[in-house]
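A.B. asks: Before we start, here is the structure in question, set down as structure tokens.
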Amino acid sequence: MKVTFEELKGAFYRVLRSRNIAEDTADACAEMFARTTESGVYSHGVNRFPRFIQQLDNGDIIPDAKPQRVTSLGAIEQWDAQRAIGNLTAKKMMDRAIELASDHGIGLVALRNANHWMRGGSYGWQAAERGYIGICWTNSIAVMPPWGAKECRIGTNPLIVAIPSTPITMVDMSMSMFSYGMLEVNRLAGRELPVDGGFDDNGQLTKEPGVIEKNRRILPMGYWKGSGLSIVLDMIATLLSNGSSVAEVTQENSDEYGVSQIFIAIEVDKLIDGATRDAKLQRIMDFITTAERADDNVAIRLPGHEFTKLLDDNRRHGITIDDSVWAKIQAL
């Protein structure tokens, strides 16, 4: 089915207000969920909303909590999220990193005691739209086996890097081949994964999303490389925020809350003039996109460039929502 942006935001707002969330908080949160979905990231927008409400109802998320600054060291700050709403807090933290970067050239905010930030790419994009390089990542509950193991002991720990090119170039990737949200998107659509995404119950690589969702044997991105990167991202976020590691979140909490996150902004224009910046970025993009294609019918992609078209299509033709997901939201 298709809905308009206003219908989608209104549905989110209704559910939030029914939980006695303050009007301004409910409006801002509903706006972010709707924008994420409108951008084509259904896995961390509309599809994630029922899970968000479940955690809200369980008390994992404290909607009236206010993040507090703990430590300030010039370009580096440490904050405690107080388990406030994840996407609103993350937006505020990237805004703060940008403010620090405007003063120091670079700004880093380390956040502890946070909740799931939904679409991490929103915060990298937020920085790039203002002319900054945006880098951020989060740890999570243990949902992926480290390389060589069968048992989940590491997080998917998504990493975002956004560049202020035209259009914005952005990598938004979990340390697994696919996020659990994308496994759900493919399962609901009745599709196999385009490449292997995990192991089946016999330890064989599989493209079946439902099998991986069930047994939790998701495949690290780049095999041992994604496993290793997940581990060091967790270590950095834990140390800089003085927050919880994947091990602590998994062993001490009843669900995924109280995670640690990093937000970095770099003001490029303090290092290079605008014309030179644009020319260098354009040369990089042109060099890549003019390569001989492996398949004449498949364009060479630059990361993040597809979002402009996805957003335009959804604004023109309406936002496609899976019927079962929409039914869940209506029932909340």
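In case you wondered, yes, glycine gets a Cβ from its N, Cα and C as well.
Here the structure is a predicted model, which means the values were calculated and not measured.
Pasting the relevant annotations from Swiss-Prot:
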{"type": "ACT_SITE", "residues": "His44", "note": "active site, proton donor"}
{"type": "BINDING", "residues": "Ile168, Thr169, Met170, Val171, Asp172, Met173, Ser174, Trp224, Lys225, Gly304, His305, Glu306", "note": "NAD(+) binding site"}
A.B. asks: For the binding-site residues listed here, Lys225, His305, which shows the highest count of neighbouring CB atoms within 10 A?
C.D. replies: His305
A.B. asks: Do you know offhand how many angstrom separate Met170 (NAD(+) binding site) and the residue listed as 'active site, proton donor' by C-alpha?
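C.D. replies: Here the two Cα atoms are 16 Å apart.
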A.B. asks: Work out how many Å separate Lys225 (NAD(+) binding site) and His44 (active site, proton donor) at their Cα atoms, rounded off.
C.D. replies: 25
A.B. asks: Over all pairs in Ile168, Thr169, Met170, Val171, Asp172, Met173, Ser174, Trp224, Lys225, Gly304, His305, Glu306, the listed NAD(+) binding residues, work out the largest Cα-Cα distance in Å.
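C.D. replies: Taking every pair of listed residues, the largest Cα separation comes to 30 Å.
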A.B. asks: Long-range neighbours only, meaning 6 or more apart in sequence with Cβ under 8 Å: which ones does His44 (active site, proton donor) have?
C.D. replies: Thr36, Met118, Arg119, Gly120, Ser179, Gly181
A.B. asks: Name, in the order they occur in the sequence, the residues of the same chain whose CB lies under 8 A from the CB of Ser174 (NAD(+) binding site) and which sit 6 or more residues away.
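C.D. replies: Expected: Thr156, Asn157, Pro158, Leu159, Met221.
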A.B. asks: Sequence gap of 6 or more, Cβ distance under 8 Å: name the residues on the same chain that satisfy this around Ile168 (NAD(+) binding site), in order along the sequence.
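C.D. replies: Trp125, Ala128, Glu129, Ala162, Gly304, His305, Phe307 - these are the non-local Cβ neighbours of Ile168 (NAD(+) binding site), listed in sequence order.
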A.B. asks: If you count Cβ atoms within 10 Å of the Cβ of Asp172 (NAD(+) binding site), leaving out that atom itself, what do you get?
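C.D. replies: That number is 23.
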A.B. asks: Translate the DSSP assignment of Ser174 (NAD(+) binding site) into the three-state scheme.
C.D. replies: coil
A.B. asks: Can you tell me whether DSSP puts His44 (active site, proton donor) in helix, strand or coil?
C.D. replies: helix
